[in-house]
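Read the structure below first, then the notes.
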Amino acid sequence: MSLLFSRCNSIVTVKKDKRHMAEVNASPLKHFVTAKKKINGIFEQLGAYIQESASFLEDTHRNTELDPVTTEEQVLDVKGYLSKVRGISEVLARRHMKVAFFGRTSNGKSTVINAMLWDKVLPSGIGHTTNCFLRVGGTDGHEAFLLTEGSEEKKSVKTVNQLAHALHQDEQLHAGSMVSVMWPNSKCPLLKDDLVLMDSPGIDVTTELDSWIDKFCLDADVFVLVANSESTLMQTEKQFFHKVSERLSRPNIFILNNRWDASASEPEYMEEVRRQHMERCTSFLVDELGVVDRAQAGDRIFFVSAKEVLSARVQKAQGMPEGGGALAEGFQVRMFEFQNFERQFEECISQSAVKTKFEQHTVRAKQIAEAVRLIMDSLHIAAQEQRVYCLEMREERQDRLRFIDKQLELLAQDYKLRIKQITEEVERQVSTAMAEEIRRLSVLVDEYQMDFHPSPVVLKVYKNELHRHIEEGLGRNLSDRCSTAIASSLQTMQQDMIDGLKPLLPVSMRNQIDMLVPRQCFSLSYDLNCDKLCADFQEDIEFHFSLGWTMLVNRFLGPKNSRRALLGYSDQVQRPLPLTPANPSMPPLPQSSLTQEELMVSMVTGLASLTSRTSMGILVVGGVVWKAVGWRLIALSFGLYGLLYVYERLTWTTKAKERAFKRQFVEYASEKLQLIISYTGSNCSHQVQQELSGTFAHLCQQVDITRDNLEQEIAAMNKKVEALDSLQSRAKLLRNKAGWLDSELNMFTHQYLQPSR
């Protein structure tokens, strides 16, 4: 089944090819039509391609995110190519095959044109002489019209007589004027194939041959010299074509010996006359003009009767016999000669027109396509090089980012451990120094000098100033002992941090790191708050005899227990509770289990209680002592006791009170300051930790800025690589498209411009 289908397709294809070949064989002018259609299509594609390339290059040149991969000169060049291609496309759209008919007046130029068109399009015959250039072209409309030179007005023409009348009525027309006669294609099939026929005034009536050639002949593909077979070639005719040959390289020239039907009246001289005309025309074409060789000359010289052909074709068009009417003998031979002329003319003009009209533009199109291809290739290479550079830069930044992250993690662990060691050392130094300063507190208090008075107002001021003195003195001494070493250690640590993190920063920031990281002079704040710490200090500067009962009890028991003993609070002495529940079966604890301190307090308390109950106790005791030692010893003892009391009472001055006050304050303040040694050491270590942590955090902030910049650069590189990938792909596509257009132009050249072997 598939084989049958393939054979059917082959048969259809063969039939189509045969039909196409038949059309080409039937009308060689189709060669130009198909070539024109092909080249117009190629130029349309070329224009679209250059438009796309120009837009692409302009967008690429304006893209500020990419480094320059194209130049403004390249953009302008491609835009220039676009305008050139558009201009060529407009020229190609107007291109057509052009044949120019020249000859002396009344040689039958218009009749030849009418015969070729199978209709009486141009005025001809007796009384009708062409007085200007007539350009006959086809129009898709159904009405004929004419256009005069310099005017866009379409003048309607329905018949040949109207055309003749219009041409003769226009007084502005002269021999060098051009009138375009647009005839419906439906009436003249020859005009459908982009063929333009140009009739001219007789070349024997003007001397403006040079201007005619420049104005009307330079774009002609074929020249037809319509000669009168009843006479030989005139010098005027030869002179004109000599000028044409000087302006154009090897012009295509046909010679029609018209009115050959007159030879039928003298048949005995026909061949001799034909031979003479052939020799002279061949000599003119070959020897004088050099446009053909002798082998080709026979295909350029014809003997016809245009009037007979026109009459026969008009009759045939009207449905009458072709040979009807009064026709001279040999009509069929002359008809065949005219048809042979038409065949040779069509083949010549189609080949010549394709070559002259399209070859130069084809070469120019190839040059433009190649130029744009080279631009796209250079852009592709530049984008590829930039992409490789971006990939290398991205890899470098990614490696840098990984190095920063790893190094920052290691440094953070190391600095965290070192900060911990430094803070512990600071706490130890401050605690040791403060303990030593507390032991020397009495010296600091003794250095305090201010007028002392026991009045409450003066004492309040005295204590406030003493607090300030202690605060400043302790702070100064601690600063002298600790601050310098701690500050030096802190600065060393900060410099180590800077040196460790500096390699993680970009080179531009390394020299500015000292300005970026604040380096304030660090000062420890000990913050002892002596005024609040000693706010509840209660001095005792009343006179107390050293051998008095209260002082003795205080000396043995201490201030706290003596107060309890003297006030009779023995019942409030707390026994320690047993750690286990009491067991009735167990014997009570022995009395000796009481502590020695509790026993002493109990005894003295009992004694004091006894003496306080009755004065008789004193008498009893005194009597007992009296009996034991005698009155003299007692009297002496009381005398010495009294003298000692008087001495101490007299020496209890303001200075003594101040010394007692300072001694009491030293004891009290020392006890209080001992409580905050650990707190002060921790506070100082916390300050150092905050300072070092702040420095490290600020350095890390700069590193984070560097990391963010690297991440942004990596993201920008990724975006740039994507843009370059797209750019490369587009440039490669456009480069390949230029190659495809070049292959299309090569195919066109091979098919239409190169001579067939």
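Backbone N, Cα and C define each Cβ position, glycine as well.
Annotation source Swiss-Prot lists region 'G1 motif' at 103-110, citing sequence analysis. Residues 122-124, 128-130, 134, 199-205, 225-228, 234, 236-237, 258-259, 306-307 of the same chain lie 6 or more positions beyond the ends of the region 'G1 motif' (103-110) yet place their CB under 8 Å from a CB of it.
Per Swiss-Prot, GTP binding site is recorded for Ser106, Asn107, Gly108, Lys109, Ser110, Thr111, Asn258, Arg259, Trp260, Asp261, Ser305, Lys307, and the stated evidence type is similarity to another entry. Annotation note: Trp260 (GTP binding site) sits in a helical segment as assigned by DSSP. Around Trp260 (GTP binding site), the C-beta neighbours below 8 angstroms that are at least 6 residues distant in the chain are Ser229, Phe303, Val304, Ser305, Arg334, Glu337.
Residues or ranges marked as region 'G4 motif' by Swiss-Prot on the basis of sequence analysis: 258-261. The list of residues near the region 'G4 motif' (258-261) in space but at least 6 beyond its ends in sequence, with Cβ under 8 angstroms from a Cβ of it, reads 107-108, 111-112, 226-230, 303-308, 327-328, 330-331, 334, 337.
Same-chain neighbours of the coiled coil (406-434): 474, 477-478, 481-482, 485-486, 489-490, 493, 496-497, 500-501, 503-504, 524, 526, 673, 677-678, 680-682, 684-686, 688-689, 692-693, 696, 700, 703, counting only residues six or more beyond its ends whose CB sits under 8 Å from a CB of the stretch. Taken from Swiss-Prot, the feature coiled coil covers 406-434 (among others).
Tertiary neighbourhood of the coiled coil (696-738): same-chain residues 49, 52-53, 56, 60, 63, 65-66, 69, 369-370, 372-373, 376-377, 379-380, 383-384, 386-387, 390-391, 393-394, 397-398, 400-401, 404-405, 408, 412, 415, 419, 497-498, 501, 504-506, 509, 513, 516-518, selected by CB-CB distance under 8 Å and a gap of 6+ residues from either end. Sequence annotations record features per position, and here Swiss-Prot assigns coiled coil to 696-738 (among others) based on sequence analysis.
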Ser110 (GTP binding site) in three-state DSSP notation: helix
Per DSSP, three-state class assigned to Ser305 (GTP binding site): coil
Mean of pLDDT values spanning the region 'G1 motif' (103-110): 86
Cβ atoms near Ser110 (GTP binding site) (within 10 Å, other residues, all chains): 28
Densest Cβ neighbourhood among Ser106, Asn258, Ser305 (binding-site residues), 10 Å radius: Ser305
